[in-house]
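Read through the structure below, which is laid out as structure tokens, and then see the notes.
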């Protein structure tokens with residue numbers, strides 16, 4: 001799944017009527033092999049595209065791309081994208097870390113999928129040119145149920161992370177802590193979350 005946070009705004013996980021998102025929906029979708037979705041939220045345009053390559057015993061390989069742009073010519077806000085994988089009572093997840101801070105992949109096993117790997121590539125510019133500068137955090141937590149994912153992530157956010165791209169001023173932002181859970185709620189599943 002995907003959550004996003006325009007720093008100074010609300011953590012978003014779903015797009016529903018009356019939640020302040022100005023427009024959302026599928027632009028194209030064949031119901032099986034590809035889709036393009038667009039979400040407009042407080043000057044941001046999030047474009048989520050997927051394509052599925054058939055094969056194997058469990059539905060094939062999926063590729064996703066998320067592109068974020070600003071509407072108009074205003075300055076780009078500090079933005080976090082939260083990509084996550086969660087289990088609910090069955091399955092296991094294992095983080096694959098790069099440099100101890102970037103969740104490069106999730107290796108897992110699920111009854112429906114068997115063994116799987118989800119890989120997170122570094123962000124690139126619009127034309128696919130070289131990696132863009134980004135800060136990374138990750139969260140590994142027990143989750144009492146999938147309906148509590150937003151609350152779990154919101155509870156783990158701390159304004160202690162620093163974004164300092166070369167030649168630009170340092171800015172504090174809300175980053176997830178590396179481990180956590182919801183106090184008093186026993187975990188039924190796992191959550192691994194990659195914050196960019």
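Residue numbering: from 1, along the chain as shown.
Every residue, even glycine, has its Cβ placed from backbone N, Cα and C.
Among the features that TrEMBL reports, domain 'Glycosyl hydrolase family 63 N-terminal' is placed at 2-120.
Taken from TrEMBL, the feature region 'Disordered' covers 159-196. Only residues 6 or more beyond the boundaries of the region 'Disordered' (159-196), in the same chain, are considered here, and those with a CB under 8 A from a CB of the stretch are 5, 7, 78, 80-89, 91-93, 95, 102-103, 106, 120, 123, 133-146, 148-149, 151-153.
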Residues of the region 'Disordered' (159-196) by DSSP state, where helix covers H, G and I: 0 helix, 20 strand, 18 coil
Per-region confidence, the domain 'Glycosyl hydrolase family 63 N-terminal' (2-120) (mean pLDDT, whole number): 88
